[in-house]
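Now, the feature entries from TrEMBL:
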| type | residues | note |
| --- | --- | --- |
| COMPBIAS | 13-44 | compositional bias 'Low complexity' |
| DOMAIN | 110-294 | domain 'ABC transmembrane type-1' |
| REGION | 1-44 | region 'Disordered' |
| TRANSMEM | 52-73 | transmembrane segment |
| TRANSMEM | 117-136 | transmembrane segment |
| TRANSMEM | 148-168 | transmembrane segment |
| TRANSMEM | 174-195 | transmembrane segment |
| TRANSMEM | 216-249 | transmembrane segment |
| TRANSMEM | 269-293 | transmembrane segment |
């Protein structure tokens, strides 16, 4: 057996630190690198892309399922409790929609309905929020107006069509009034309940710090009530669309509701479905706008940034 000479330590130079035995014994690291900022940014980007993809794909799943079921029932002319043999197929509705897009009357009907919605809903929002805050802050106003409001509120807006024909000089003004009447009470009631649900300790704390009544109303009461107010605005938008279309069917001369009813009278069932889907698309867009504004106004809420 060969004799191995003992290793001799090299003498240290002056000022040279002694070697750490643990460092000498540690094996070299291979295949591992320190994470960089680019890795974190790429992970954040992939997370955002995944969230955007889910936002786009998930809503399309029920729509695609609905269209497939609709296609199967109408092409096979299924007759059970419901008679799908009289319903137009998705292809026929698509052809009717393309045909309507090439005509200027379709856009005129859409614009007329949107104009009525903006006028009626806008008036309902302004008057409903203002009156709701007055009733929510004043006991005298609450005792005076609340019984009358609760008596008028159950009346369906569409039941006012005969009276609007008598009262207003044109059907256009009557339809706007019906839209306003339908959207007014959800906004009013939600504002009153939002004012009532505010914790009293908020106002007491502001008063303790020397805030005036106007400052409390502007900086404490109104921001605290905004989530409930926008919940009422979302409900009011849906109700406004229901009533404006119904009023257009009964007394209108143009509008998407009038077009839908006219298509039914002409036995154009594909046109009826086109009108229904157009109403749904407009309702979706306007509801999304209200929700977007609500998120911007209520940016301090935990879910507002989602």
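Note that Cβ sites are derived from N, Cα and C of the backbone, with glycine treated the same way.
Any TrEMBL annotation is an automated prediction that lacks curation.
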- Considering only the recorded stretches 52-73, 148-168, 216-249, 269-293, state which has the highest number of Cβ pairs under 8 Å to the transmembrane segment (117-136). 216-249
- What residues in the same chain, six or more past the boundaries of the transmembrane segment (52-73), come closer than 8 Å to it by Cβ-Cβ distance? 84, 87, 89-91
- For the transmembrane segment (174-195), could you work out the same-chain residues 6 or more beyond its ends whose Cβ comes under 8 Å from its Cβ atoms? 116-117, 119-121, 123-125, 127-129, 131-133, 135-137, 149, 153, 157-158, 160-161, 164-165, 167-168, 221, 224-229, 231-233, 235-237, 239-240, 242-244, 247-248, 251-252, 255
